[in-house]
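Trainee: Let me begin by handing over the structure; questions about it come next.
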Amino acid sequence: MEMENCTRVKEFIFLGLTQNREVSLVLFLFLLLVYVTTLLGNLLIMVTVTCESRLHTPMYFLLHNLSIADICFSSITVPKVLVDLLSERKTISFNHCFTQMFLFHLIGGVDVFSLSVMALDRYVAISKPLHYATIMSRDHCIGLTVAAWLGGFVHSIVQISLLLPLPFCGPNVLDTFYCDVHRVLKLAHTDIFILELLMISNNGLLTTLWFFLLLVSYIVILSLPKSQAGEGRRKAISTCTSHITVVTLHFVPCIYVYARPFTALPMDKAISVTFTVISPLLNPLIYTLRNHEMKSAMRRLKRRLVPSDRK
């Protein structure tokens with residue numbers, strides 16, 4: 001009966017990050033700078049890995065895939081946020097909202113599975129160095145990458161399949177700056193208790209479990225190379241530290257958002273900005289600043305693209 005008497009809303013209205021015009025302009029410039037830097041940083045990694053034959057290894061192949069995902073993840077929300085910061089009325093159509101949610105959870109799932117594959121790569125590299133090339137062959141890496149994208153697709157389609165049949169008759173105001181399941185679900189004109197539990201389980205609890213499994217896996221990895229000599233152990237620790245930092249930046253905000261009842265809290269928008277905008281920016285910095293191999297490859301690429309004038 002609810003669906004029969006329900007006229008589905010045609011759009012949602014965002015309250016956005018702020019209602020203050022001056023603050024909106026400052027945020028616009030800041031987020032534009034962050035977005036452009038994110039694109040350039042991840043594109044630089046992709047071009048370097050593609051052009052430098054020394055980086056044609058499983059670890060950098062997986063990093064290349066993560067950079068693609070980070071560009072996509074940032075592009076799902078940030079361009080719309082930039083437009084809204086300059087707009088008086090911040091709206092999004094019903095179909096666009098659900099498309100944004102689908103893509104958001106698709107790429108978010110890809111990020112989670114890709115970080116897991118990268119942990120597997122480090123484990124094999126450190127624990128089974130003699131068999132590394134066989135276990136992490138190019139075909140296997142491609143298969144794992146495809147599996148990460150399929151996993152993200154399945155995760156996302158489950159979210160949308162649960163939300164789409166619900167009656168959205170109004171209200172249609174979202175106190176956020178992008179469409180996400182925990183916000184949109186609260187607008188459904190029906191009892192959402194069971195669905196909220198399913199969403200928390202599918203997003204929050206699984207994300208929390210996955211995070212601790214990854215942390216444990218890296219602790220195990222770091223305990224493996226004790227028998228290795230200094231340089232090999234230092235390189236392993238440096239690489240794993242970068243991975244742990246990225247995993248923490250990605251998972252902790254997600255756990256805060258999804259592993260609790262879907263009630264609005266004062267810190268929600270700031271935390272959402274952290275993992276939708278800031279995390280894709282920091283990933284390339286983290287993976288390059290402590291990676292001498294990547295920095296050397298970038299310098300070689302620069303010399304090839306910008307030849308020195310010196311004779």
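Residue numbers in this text run from 1 along the chain shown.
A Cβ is built for glycine as well, from the same backbone N, Cα and C atoms used for every other residue.
What you see is a predicted model, and the numbers here were worked out from it, not measured in a lab.
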Trainee: When the topology given in Swiss-Prot is taken at face value, are Arg54 and Ser296 found on one and the same side of the membrane?
Mentor: yes
Trainee: With an 8 Å cut-off on Cβ pairs and a sequence gap of 6 or more, do the transmembrane segment (101-120) and the transmembrane segment (236-258) reach 3 or more such pairs?
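Mentor: These two segments touch.
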Trainee: Using DSSP, what is the helix/strand/coil residue split across the topological domain 'Extracellular' (259-269)?
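Mentor: The breakdown for the topological domain 'Extracellular' (259-269) reads 2 helix, 0 strand, 9 coil.
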Trainee: When you scan the chain for residues with a C-beta under 8 Å from the transmembrane segment (270-289), skipping those not six or more beyond its ends, what do you find?
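Mentor: For the transmembrane segment (270-289), the list is 17, 31, 34-35, 37-38, 41-42, 44-45, 63, 66-67, 70-71, 73-74, 77-78, 81, 176-178, 180, 242, 245-246, 249-250, 253-254, 256-257, 295, 298.
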Trainee: Using a Cβ cut-off under 8 Å, which residues of the same chain at least 6 positions beyond either end of the topological domain 'Extracellular' (159-195) come close to it?
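Mentor: Counting only partners 6 or more residues beyond its ends, the topological domain 'Extracellular' (159-195) has Cβ contacts under 8 Å with 2-3, 6-9, 11-17, 76-77, 80-81, 84, 90, 92, 94, 97-98, 100-102, 104-105, 202-203, 257-258, 262, 264, 268-269, 272, 276.
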Trainee: Using Cβ atoms and a strict cutoff of less than 8 Å, what residues sit near the topological domain 'Cytoplasmic' (50-57) while being 6 or more residues removed from its termini?
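Mentor: The answer is 64, 293-294, 297, 300-301, 304.
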